[in-house]
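Here's the structure, in structure tokens; my notes come after.
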Amino acid sequence: MHFIAISINHRTADVALREQVAFRDDALRLAHEDLFETKSILENVILSTCNRTEVYAIVDQIHTGRYYIQRFLARSFGFDVDDIKNMSEVKVGDEAVEHLLRVTSGLDSIVLGETQILGQMRDAFFLAQDIQTTGTIFNHLFKQAITFAKKAHNETDIADNAVSVSYAAVELAKKVFGKLKGKQTIIIGAGEMSELSLLNLLGSGIDDITVVNRTETNAYKLATKHGVNYNTLESLPTLLTNADIVISSTSSPDFIVTKSMIESVNLKRKASSLLLIDIAVPRDIEPNVNISENIFSYDVDDLKGLVDANLRERQMAADFIASQIPDEVQAHNDWVNMLGVVPVIRALREKAMTIQSETMDSIDRKLPDLSDRERTIISKHTKSIINQMLKDPIKQAKELSNDKRSNEKLELFQNIFDIDAADPYEDIKAHKAQKEKEVSIRHIFSFE
């Protein structure tokens with residue numbers, strides 16, 4: 001058994017390619033089933049998001065498994081196998097386990113430490129579980145990865161620091177006002193940065209938002225898309241009278257918010273605070289508009305300093321999380337190695353107890369006059385002899401779990417005791433072998 005991960009992500013393929021190799025939500029169930037029916041695949045989980053499509057699989061042979069996964073992806077999206085090879089990266093064994101842990105923790109994301117991927121990985125695993133394409137190893141490993149990621153986020157707060165200018169603007173507003181719910185907010189501009197700011201504001205609990213723009217149609221489109229208010233740029237001085245927060249991001253060559261405008265508006269305002277955040281280049285808000293102690297003004301350089309500091313903090317948190325991953329990989333390996341020992345020990349115990357049972361049957365035939373008490377004593381002592389005899393072999397078998405040649409030595413162990421440990425994938429392998437046989441027969445008798 002081997003663990004293999006094949007990943008198409010932001011490092012291996014540009015966005016145009018990634019868009020072509022993403023499974024739709026309604027196609028994922030069938031994709032899991034199709035892959036599970038593929039030769040060499042014993043367990044599989046498929047993760048497909050806007051930034052990555054990944055196949056995690058337990059395979060019986062590395063080279064065969066890798067080829068059939070790549071062929072599956074090629075067939076699913078209409079590419080050649082070589083195309084899939086060129087746009088993907090392959091991880092095997094410990095590297096695959098490490099990759100899964102990094103992805104689930106957000107260390108492999110475009111935005112370092114983001115938490116959305118954790119939910120996406122959890123959903124992918126639950127879907128695979130529901131379809132029954134996971135087994136003993138993945139049921140344990142994916143739970144381990146999800147638990148590790150949750151713990152990492154809780155212990156480091158890696159996702160708490162803003163690392164985009166638009167998000168930093170909202171975080172700055174939280175620092176000034178505390179809770180943002182109920183704050184009247186103006187967004188100047190209707191472009192991408194304005195929309196990102198709008199989304200972050202909505203996510204923070206603000207619902208009293210007005211979009212203003214020189215072109216009223218654009219303000220209308222953005223506002224109606226997200227269920228907020230809109231107005232013309234000419235209405236800005238009036239709106240400023242009651243506003244708490246202003247975020248500006250236009251492409252205007254001239255100042256939109258001037259010092260004279262703020263001086264005029266401030267005469268009509270109560271003593272409440274006004275936060276002006278300028279994320280435009282060139283600047284939309286004239287410098288030195290903070291004419292009183294209750295007016296706060298920040299530009300993109302101020303926010304960039306906050307973002308840079310937060311990025312450094314995120315990187316430190318990411319480094320700490322990454323330092324924990326080798327221990328997690330080792331813990332998984334220890335568990336897998338012990339997993340191989342358990343069926344061997346079980347088979348040894350079953351053989352020993354079969355011998356004991358047959359011995360008791362023989363005693364019953366030869367000594368039919370034994371009382372129940374005598375029979376119980378004999379049975380108890382024969383079991384005790386067996387347990388004493390098995391004590392050292394079982395101890396040795398358990399120690400093999402940490403041996404680099406554990407598979408080879410466990411096979412020798414089974415030969416010595418003439419036992420055959422059950423293969424947990426025996427039924428799956430038999431099903432695939434039968435399917436291949438049927439395909440071969442159809443091919444032989446095909447006249448096409």
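Each residue's number is its place along the chain shown, starting with 1.
Even glycines carry a Cβ here, placed using N, Cα and C.
Listed in Swiss-Prot for this protein:
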- C50: active site, nucleophile (ACT_SITE)
- T49, C50, N51, R52, S109, E114, T115, Q116, Q120: substrate binding site (BINDING)
- G189, A190, G191, E192, M193, S194: NADP(+) binding site (BINDING)
- H99: site 'Important for activity' (SITE)
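Overlay of Swiss-Prot annotations on the structure.
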{"residue": "T49", "record": "substrate binding site", "Cβ neighbours (10 Å)": "18"}
{"residue": "C50", "record": "active site, nucleophile", "Cβ neighbours (10 Å)": "13"}
{"residue": "N51", "record": "substrate binding site", "Cβ neighbours (10 Å)": "20"}
{"residue": "H99", "record": "site 'Important for activity'", "Cβ neighbours (10 Å)": "23"}
{"residue": "S109", "record": "substrate binding site", "Cβ neighbours (10 Å)": "19"}
{"residue": "T115", "record": "substrate binding site", "Cβ neighbours (10 Å)": "17"}
{"residue": "Q120", "record": "substrate binding site", "Cβ neighbours (10 Å)": "18"}
{"residue": "G189", "record": "NADP(+) binding site", "Cβ neighbours (10 Å)": "28"}
{"residue": "G191", "record": "NADP(+) binding site", "Cβ neighbours (10 Å)": "14"}
{"residue": "E192", "record": "NADP(+) binding site", "Cβ neighbours (10 Å)": "10"}
Let me know the most crowded of the binding-site residues, choosing from A190, M193 and counting other Cβ atoms within 10 Å.
A190
Whole-number Å value for how far T49 (substrate binding site) lies from G189 (NADP(+) binding site) (Cα to Cα):
30
Determine, for the NADP(+) site, the additional residues of the same chain whose CB lies within 8 Å of the mean position of the CB atoms of G189, A190, G191, E192, M193, S194; present them in sequence order.
I187, E195, L196, S197, L222, S249, T250
Centre the Cβ atoms of T49, C50, N51, R52, S109, E114, T115, Q116, Q120, go out 8 Å, and tell me which other residues of that chain have a Cβ in range of the substrate site.
G106, I110, I117
Between S109 (substrate binding site) and M193 (NADP(+) binding site), what is the CA-CA distance rounded to a whole number of Å?
21
Measure from the Cα of M193 (NADP(+) binding site) to the Cα of every one of the recorded positions T49, H99, Q120, then give the nearest.
T49
Rounded distance in angstrom between the Cα atoms of A190 (NADP(+) binding site) and the residue listed as 'active site, nucleophile':
24
Spatial separation of T115 (substrate binding site) from E192 (NADP(+) binding site) - C-alpha basis, Å:
22
